[in-house]
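In what follows, a single structure is set out as structure tokens and then discussed.
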Amino acid sequence: MERYQELTVLLLLLLLEGGSGGAGSFRPLCRPTNATLAAESDACPVCVTFTTTICAGYCPSMVRVLPAALPPGPQLVCTYRELTFSWIRLPGCPPGVDPIFSFPVALSCACGSCRLSHSDCGGPRARPHLCTRPHLSLRLL
């Protein structure tokens, strides 16, 4: 009976790890996540912070241990599968300055190659994007 319990515990651990041998433990997988972003323009007096949905999380990857004649394979990143765009109006912009700031809103996410046309694939930053001007917070969600 004790051997059966050990096997059950081992199986549960493997299922919780996703069969990744420990690589995925305690790391949230790629999914839509709420994040606060900042929008500002050099011509407008106010920075606006707002909350939207972005793609974030862990994507499994492999790195070759031994050198190979082949180039390294692409590293997967958490990126948009489906998205829509929303916008906010920056307040106080002078006439002739476009006050509209548009941004992507994640509907679903997937692990895939980075597409710089609509993703920032640079990894985590030491400091988040911050306002350099007086700021106003908007609640969009």
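From the backbone N, Cα and C atoms, a Cβ is placed for every residue, glycine too.
Record features (Swiss-Prot):
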- 1-21: signal peptide (SIGNAL)
- CYS30-CYS78: disulfide bond (DISULFID)
- ASN34: N-linked glycosylation site (CARBOHYD)
- CYS44-CYS93: disulfide bond (DISULFID)
- CYS47-CYS131: disulfide bond (DISULFID)
- CYS55-CYS109: disulfide bond (DISULFID)
- CYS59-CYS111: disulfide bond (DISULFID)
- CYS114-CYS121: disulfide bond (DISULFID)
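Features per Swiss-Prot, on structure.
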residue: CYS30; record: disulfide bond; CB count, 10 Å: 22
residue: ASN34; record: N-linked glycosylation site; CB count, 10 Å: 11
residue: CYS44; record: disulfide bond; CB count, 10 Å: 20
residue: CYS47; record: disulfide bond; CB count, 10 Å: 19
residue: CYS55; record: disulfide bond; CB count, 10 Å: 23
residue: CYS59; record: disulfide bond; CB count, 10 Å: 17
residue: CYS93; record: disulfide bond; CB count, 10 Å: 16
residue: CYS109; record: disulfide bond; CB count, 10 Å: 23
residue: CYS114; record: disulfide bond; CB count, 10 Å: 15
residue: CYS131; record: disulfide bond; CB count, 10 Å: 15
Practice problem: Tell me, if you would, which residue among CYS78, CYS111 (disulfide-bonded residues) has the fewest other CB atoms within 10 Å in the structure shown? | Solution: CYS111
Quiz item: Out of CYS30, ASN34, CYS55, CYS78, which of these recorded positions is nearest CYS111 (disulfide bond) by C-alpha distance?
Solution: CYS78
Quiz prompt | Pairwise CA distance, CYS114 (disulfide bond) versus CYS78 (disulfide bond), rounded so that it is a whole Å | solution = 8
Quiz prompt | Those disulfide-bonded residues of CYS55, CYS59, CYS93 having Cα within 10 angstroms of CYS78 (disulfide bond) | solution = CYS55, CYS59
Quiz item: Helix, strand or coil at ASN34 (N-linked glycosylation site), per DSSP?
Solution: strand
Quiz prompt | Among CYS44, CYS47, CYS55, CYS59, CYS109, which are recorded as disulfide-bonded residues, the nearest neighbour of ASN34 (N-linked glycosylation site) by Cα | solution = CYS55
Practice problem: Using C-alpha atoms only, work out the spacing between CYS59 (disulfide bond) and CYS30 (disulfide bond) and round it to an integer in Å. | Solution: 6
Exercise. Provide the three-state secondary structure of CYS131 (disulfide bond) computed with DSSP.
Key: coil
Quiz item: Closest to CYS131 (disulfide bond): which of the disulfide-bonded residues CYS30, CYS44, CYS55, CYS93, CYS109, going by Cα position?
Solution: CYS44
Quiz item: About how far apart, in whole Å, are the alpha carbons (Cα) of CYS44 (disulfide bond) and CYS109 (disulfide bond)?
Solution: 33
Quiz item: What subset of the disulfide-bonded residues CYS30, CYS47, CYS93 lies within 10 angstroms of CYS109 (disulfide bond) at the C-alpha level?
Solution: CYS30
